[in-house]
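According to TrEMBL:
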TRANSMEM  B:12-33  transmembrane segment
TRANSMEM  B:40-57  transmembrane segment
TRANSMEM  B:63-86  transmembrane segment
TRANSMEM  B:98-123  transmembrane segment
TRANSMEM  B:143-162  transmembrane segment
TRANSMEM  B:188-209  transmembrane segment
TRANSMEM  B:229-251  transmembrane segment
TRANSMEM  B:263-280  transmembrane segment
Amino acid sequence: MDHQESGQGGFSRRSVLAGGAGLLGGLLLPWVPGARAEEYAPIGTFPAGSSGSSVFVGIGVPRTGTYAAPGEDELRGMMLAIEHINGGNELIRKISPNTTKGVLGKEVKYGVADTQAKPNTAVQAQSRFISENKAVLITGSVSSAVAVALNKLAEREKVIYLPGISGSNDTTGKDCVRYSFRECFYAQTAAAALAPTLIKSLGKNKKVAYLVPDYTYGHTVHQSMMEYLKKGGWTTATSQVAPLGTADYSSYLLNIANSGADVFVNINFGNDAVQSVKQAKQFGILQKQTLVIAYASPFLAKEVGPELTAGVYTPTDFWWTLEDRYPLAKMFVAEFEKKYGYKPEWSANAGYMQLAMWAEAVERAKTFYPPAVIKAYEAGQKVDSTVGEVYFRAADHQLVRPVIVMRGKKPSEMKTSDDYWDVLEVLPGAPLMQAPDAFGCKLGSYT
Amino acid sequence: MLNWPNLVSQFFNGLALGAVLALISSGLTIIYGTLGVLNLAHGAMFMLGGYAGYVVWAATGSFLLAVLGGSIFVGVVGLFIELVVIRRFYGRPPEDQILVTFGIGIVIVELVRLAFGSLSVTVPTPPILSGVMHLGFLFYPTYRIAVLVIAVLALGVLYIILYRTRLGLIVRAGIEDSGMVSILGINVYRVFLLVFGIGAMAAGFAGIIHAPVVAPTPDVGATILVETFVVVVIGGIGSFPGAVLGGLISGEILSLTSAIDPAYSEVMLFVVMTLVLMLRPEGLLGVRGRA
């Protein structure tokens, strides 16, 4: 059915170009609202995906495996955003002022797939959403390996992709694409935000032991941290590279314990972070070395307990106590907690914000035609968010947004049972970012 | 890092890792050796042990009761699965057996996820066993030393059951030739039921003992299952001594390679497995007939 529609669209356009038959074109598809679709050549799932009364968003997050917990939280943020978009919620309208109900008046429907944080599984699932459901948008990731793979899929299929969580420099660096936009902070901005605080509070010339997950995320965070800590004379005692999803870190932790390091920078994420922090405690490492979490892992404090995260420095995208600073954060935390019964982690915020900003961009473009939506994103429009005003950088499609540096509270300092982190600084994004081409970003063509 | 203190620490760590791997693998190998069924739900049994123990611990606060409750629960689940499902598959081709046990594993994992969510649960180290022990220049978490001792004791118990009891005699005879055992008038099905229960219980026991070391998540069994398979392939599928030897070898490979470069520890494990498969396909202590 969908195929026939797009075929008709193509036919009518050619007749328009043939000249003099514009009226006929209008008559062929008189039911297309606005009939604006007729102005653009078919591309990707356009116009088939947006010719009905609803549009489809393909969501792929890890719901099993090491990254299941942040994956589920990210999914909840997305589902809340879609509910708000369809209902024309007040919060969405603060981010996307042109939104009434739905996106360009169309209801947003979605499908969810479990990617297991594996690139192959994610690409298969999203390909199915594109071919079977004519998805106008694909979204979701917790692993940068998945984000990079879906970047490539998005570029090939000409369907816009929004990663979710992806901390690698590569996602908007050497593997950047025209069809993808990243909301969250990443290795470079995490390190640039965190390193000065570490050097200031722990002193100069420290020796560091790194625990690095063995894929693009781990490697780029490792690189960026070393680069920025070097400025304080910090050196590397050891770098222990472990596969994603390691259960027992004993052999890595023995090396770290025997390395003579002063500081233990743990780059692990998700359940890997939980397991490695708990086990480091058992090996007596946390008593001798200062623990630093290089890239905030959602639910970490809750899972390992505040005794282990007390005094730990970490940079993050969002923490719920920012509700004291930003009115939108307050609304988001309240709405999320009302629906799901707990305070959102940064994974939920990223999921929510990127869909809200997509709605904003499409409303401004006044069409689902992907190149027009991309240009709306690239216009540098400032948007109000849960962390203040933000905008996308046109040259690499990275959101310019603050990075938050936090320190773990002692159990005695916590005001409520969710009050794990103290927000030390909210650093503006632009000064933390590298030049757009520094990591080799070359965006592809629009069509 | 290549220095003597670290190398000795890693060697010791290899023993501790190996003992746990041996314990989990012994359950898998006994079941395969006797029943001829490759139980892909074994990782799920390991995981279930951790969660069952967690529930008992949360209710009573006693780690000892958690270990007892956790292993008995998984043992009973094992008996139930054998009676209801596995029994119908003895005469079926290996592909069917593999698929059905794989399916059971998925069902168990997702039921646990439904009940407990994806966040890990915490079973704390028993207070008397927490802390770090200093043994000369070697230091090691006290609880992990306890796990080593417990795993060795549990392997000892399994050894006695297999080599010093009538049941063990039948099981070992069954590994050699189950047809002959049944001709001799022994009720093989009852033995199969018991063996499946004991194998599951060993996995559940290992799961709860290991829970303070690696916090249980619904997916913890998947990683363990892969390593367990490597262990039984190296040691010889179906052989109890093979599981112990394979466990120790695997533990040492993982740990000693880490002393040089941890990035290669898993690679080395699979390199050794490949070598064993090439040079001695039945495994180091494998039984030729059955495997």
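Just so it is clear, glycine is given a Cβ too, placed from its N, Cα and C backbone atoms.
TrEMBL does not curate its annotations; it predicts them automatically.
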Long-range environment of the transmembrane segment (B:63-86) - Cβ separation under 8 angstroms, sequence gap at least 6 = 35, 37, 41, 45, 48-50, 52-57, 97, 100-101, 104, 108, 123, 126, 192-193, 196-201, 203-205, 207-209
Contact ranking winner - B:12-33, B:40-57, B:98-123, B:263-280 against the transmembrane segment (B:143-162), Cβ under 8 Å | B:12-33
Does the chain bring the transmembrane segment (B:12-33) near the transmembrane segment (B:188-209), so that three or more CB pairs sit under 8 Å (pairs 6 or more apart in sequence)?
-> yes
Other same-chain positions with a Cβ less than 8 Å from the transmembrane segment (B:98-123) and lying at least 6 residues past its termini are 37-45, 47-48, 50-51, 53-54, 57, 63, 66, 77, 81, 85-86, 89, 208, 211-212, 215-219, 221-222, 225
Where else in the chain does the transmembrane segment (B:229-251) make close Cβ contacts, counting only residues six or more beyond its ends and a cut-off under 8 Å?
-> 13-26, 28-30, 32-33, 155, 158-159, 162, 175, 269-270, 272-273, 276-277, 282-287, 290-291
For the transmembrane segment (B:188-209), could you work out the same-chain residues 6 or more beyond its ends whose Cβ comes under 8 Å from its Cβ atoms?
-> 20, 23-24, 26-28, 30-31, 34-35, 39, 42-43, 45-54, 66-67, 70-79, 81-83, 86-87, 90, 123, 147, 150-151, 154, 158, 161, 167, 170-171, 174, 178, 181-182, 216, 220-221
